[in-house]
Structure formats: C-alpha cells, structure tokens
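Pulled from TrEMBL, these are the features on record:
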- Asp24, Phe25, Asn26, His63, Leu64, Gly65, Arg66: substrate binding site (BINDING)
- Arg39, Arg122, Arg170: (2R)-3-phosphoglycerate binding site (BINDING)
- Lys219, Gly312, Glu343: ATP binding site (BINDING)
Amino acid sequence: MSLSNKLAITDLDLKGKRVLIRVDFNVPQQDGKITNNARIVAALPTIKYALENGAKSVILMSHLGRPDGKPNPKYSLKPVSDELSKLLSKPVTFLPDCVGPAVESAVASAPAGSVILLENLRFHIEEEGSAKDKEGKKVKADPAAVQTFREGLTRLGDVYVNDAFGTAHRAHSSMVGVKLPQRAAGFLVKKELDFFAKVLENPERPFLAILGGAKVSDKIQLIDNMLDKVNSLIICGGMSFTFKKTLEGVSIGNSLFDEPGSQKVGQLVEKARKNNVKLVFPVDYVTADKFDKNATIGHATDTEGIPNGWMGLDAGPKSRELYRQTVLEAKTILWNGPPGVFEFPAFAEGSKSLLDANIAAAQKGATV
C-alpha cells in the first residue's frame with residue numbers, strides 16, 4: 001500500500017466514540033512553564049476534527065522527556081493540559097496516570113465532548129520497554145507487564161489515531177501496542193505521509209536526507225531505509241557524536257553517546273559506501289558546560305575534540321557551511337531532526353542556518 005493510501009481520521013466514523021489519540025506533546029519547559037507550544041498547536045486540527053465530528057470524548061496520550069520509566073514531577077504533562085485548555089478555549093481534564101482502573105473509570109464517565117489528557121506515558125517502563133536504573137544500567141521491562149500496559153491503553157478508546165509523527169519510528173507501546181479495530185493517521189501524520197509518498201516514490205535528484213536527533217538506535221531503521229533511496233545524507237544533532245567517536249575516534253566529552261547504536265554504525269557506513277551515498281557529518285561544535293540555556297559557551301573542532309565536562313549542543317560555523325553547500329546541491333530534501341538544541345537561543349544558530357539553506361534551495365526550485 002502506498003503511504004498516501006493509509007487510513008486517515010477523515011475515513012473514520014467518530015460519532016459517539018472515544019477517540020484515543022497519540023500526540024507528541026514533548027515540549028520544552030523552563031521552571032514548569034512551556035517555552036514553545038508549537039507541538040501542541042500542531043495537534044489542534046486533529047483534536048478539533050474529532051470533537052466537531054461527534055466524538056464522545058477525545059483521550060490524548062503523550063510522552064515528555066526521559067523520566068526513565070518512573071514518575072517524576074519535572075516531566076508531568078499538567079502544564080501541557082493548562083496550555084491546551086487555553087488553545088482550545090475549553091476545559092481539559094488532566095488525569096494523574098495513563099492506565100489503571102481509576103483512569104478507565106474517569107474516561108468512561110466523562111461527559112460528551114470531553115477532552116482528556118493522560119499523564120506522561122514514560123512514567124511507566126512498559127511504554128518504552130526499558131529504562132535506566134540508578135547506576136545508569138539498562139533495565140528491560142517484564143514482557144507480561146508490557147502486555148498488560150498495552151491492554152490498559154487499548155481499553156481507553158474505541159478508535160485509535162496516531163498524530164505523533166516525531167515518534168512514529170519508535171516501537172513503543174502507545175505507537176504499536178494499542179489493538180483497536182480501527183487505527184488511522186491524524187492530520188499531522190497524514191500530511192507527512194503524503195509528502196513522503198511524493199518524495200520517496202519519484203524524487204528529483206540529487207536527493208538529500210538530513211537526519212538529526214539524539215539517539216542512533218532510535219533512527220537505525222530510518223537511516224537504513226534512506227540509504228537505499230538518497231544520494232547524500234547529513235547526520236547531525238546529538239546522534240552525530242556516536243558516529244564521530246565510533247568512526248574517527250573524536251573526543252566528544254560529555255556529549256550524547258548511544259552505546260547500542262554505536263554497534264550498528266559500521267554496517268550503516270558500509271551500506272552507504274556500497275550504495276555510493278555521500279555521508280556528511282559535523283566537523284566543529286558549539287559546546288556547553290551543562291545542558292542549560294544559561295550554560296557557559298565554548299567551541300571545539302574534531303582535531304582538538306570536546307573536553308571532558310563539556311558537551312556539543314550545536315553545529316559550529318564550518319559545519320553550518322558544509323551543510324549549506326550540501327543542501328544547495330540537492331533537488332529534493334527530506335529533513336528530520338535539528339542539528340542543535342534550538343530551544344536554547346545560544347545553541348539555535350545551526351538550526352537557523354540549516355533552515356536558511358533549505359529556504360534558499362526551495363527558492364532555487366528544490367522540493368523541501
């Protein structure tokens with residue numbers, strides 16, 4: 001089936017049904033206040049459509065941050081509930097958990113037209129299937145508990161809608177474990193699927209993919225698939241450090257390093273070589289002494305490396321120029337994930353520069 005032919009929310013009969021929607025409300029916060037509500041705003045069309053088409057209730061589920069499989073007030077979705085209520089101009093019921101008898105009872109007794117936001121899915125290890133313990137070691141969830149968790153989510157809805165494109169590549173419980181008879185894409189996901197269908201089925205070449213984000217292991221399948229289709233691939237953002245350290249022995253200090261993902265780097269690079277795909281990595285970095293918008297800022301190159309106690313949070317000026325040149329050579333560009341922590345102004349220049357390059361390419365006739 002073509003990506004563009006996937007079932008969409010507009011194909012469903014929502015009247016009188018509980019519509020369970022997986023959204024991406026992983027928004028940046030500072031001191032309990034949301035600093036960028038773009039992801040919440042992006043979900044509004046799907047939520048409003050469900051309400052306007054007779055849904056008995058809309059039940060929203062999302063993750064926020066990396067709480068490692070246990071409740072952590074820092075990562076509560078309560079501030080999101082308040083923001084969503086303002087944007088919808090109607091009350092949003094916030095539930096302090098995402099599964100269990102109390103949640104099921106609250107959903108079952110909700111008045112017609114209710115919007116309900118569940119607490120952070122990742123407060124349960126069963127959502128991701130694993131977490132880190134106090135020593136930082138990976139602990140796997142009990143398979144029976146994962147199954148029970150998935151069944152608990154399934155009981156909350158009559159139809160399932162996925163509008164969380166940013167997490168669509170992850171085999172997490174809320175993405176693949178809700179076994180309702182009808183599963184459809186929301187407007188956000190449908191828009192992306194339609195674009196992907198157009199791009200992947202007949203791209204104008206050269207075809208460039210830009211992949212950012214934190215963990216290689218999260219995007220291994222995506223990288224592997226893209227290596228069969230693209231002419232060039234920019235790997236940037238946090239996951240680039242796993243490649244740089246593994247391939248070139250670059251000192252990355254306290255930057256993100258994905259140990260499981262590093263085991264796959266060699267075969268991905270070998271596939272790129274066989275398919276004649278040009279791989280582009282950063283060569284310099286804007287660094288920080290801590291992950292904070294007020295961190296002390298530094299700069300580092302591959303040659304000198306990033307010192308211990310420091311981490312790379314953005315692409316440096318040479319990397320930005322390298323990305324720009326690569327973008328301007330392309331006729332079709334697929335961009336997924338930023339090259340830096342753009343939520344912090346001091347580390348947003350790489351993302352701004354890459355956006356400018358894509359705009360320039362589009363103005364020259366490229367499809368972005």
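Keep in mind that glycine also has a Cβ here, set from the backbone N, Cα and C atoms.
What TrEMBL annotates, mapped onto the structure for a quick look.
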residue	record	DSSP class
Asp24	substrate binding site	coil
Arg39	(2R)-3-phosphoglycerate binding site	helix
His63	substrate binding site	coil
Arg122	(2R)-3-phosphoglycerate binding site	helix
Arg170	(2R)-3-phosphoglycerate binding site	coil
Gly312	ATP binding site	strand
Glu343	ATP binding site	coil
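Scoring each of the binding-site residues (Asp24, Glu343) by how many neighbouring Cβ atoms lie within 10 Å, the top position goes to Asp24. For the ATP site, whose annotated binding residues are Lys219, Gly312, Glu343, the maximal Cα to Cα separation is 21 Å. Long-range C-beta contacts of Gly65 (substrate binding site), restricted to its own chain and to partners at least six residues apart, with a cutoff below 8 Å, comprise Asn26, Lys74, Tyr75, Asn120, Arg122. Overall, the recorded (2R)-3-phosphoglycerate-binding residues Arg39, Arg122, Arg170 cover a maximum inter-Cα distance of 18 Å. For Gly312 (ATP binding site), the nearest neighbour among the binding-site residues Arg39, His63, Leu64, Arg66, Arg170, judged by Cα separation, is Arg66. With respect to their backbone Cα atoms, Arg39 ((2R)-3-phosphoglycerate binding site) and Arg66 (substrate binding site) stand 17 Å from each other. Cβ neighbour count for Arg39 ((2R)-3-phosphoglycerate binding site): 19 (other Cβ atoms within 10 Å of its Cβ, all protein chains included).
Of all Cβ atoms in the shown protein chains, 23 besides its own fall within 10 Å of the Cβ of Leu64 (substrate binding site). For the pair formed by Leu64 (substrate binding site) and Arg170 ((2R)-3-phosphoglycerate binding site), distance between Cα atoms is given as 14 Å, rounded to the nearest Å.
Cβ neighbour count for Phe25 (substrate binding site): 24 (other Cβ atoms within 10 Å of its Cβ, all protein chains included). Nothing from the binding-site residues Asp24, Phe25, His63, Arg66, Glu343 places its Cα within 10 Å of the Cα belonging to Arg170 ((2R)-3-phosphoglycerate binding site).
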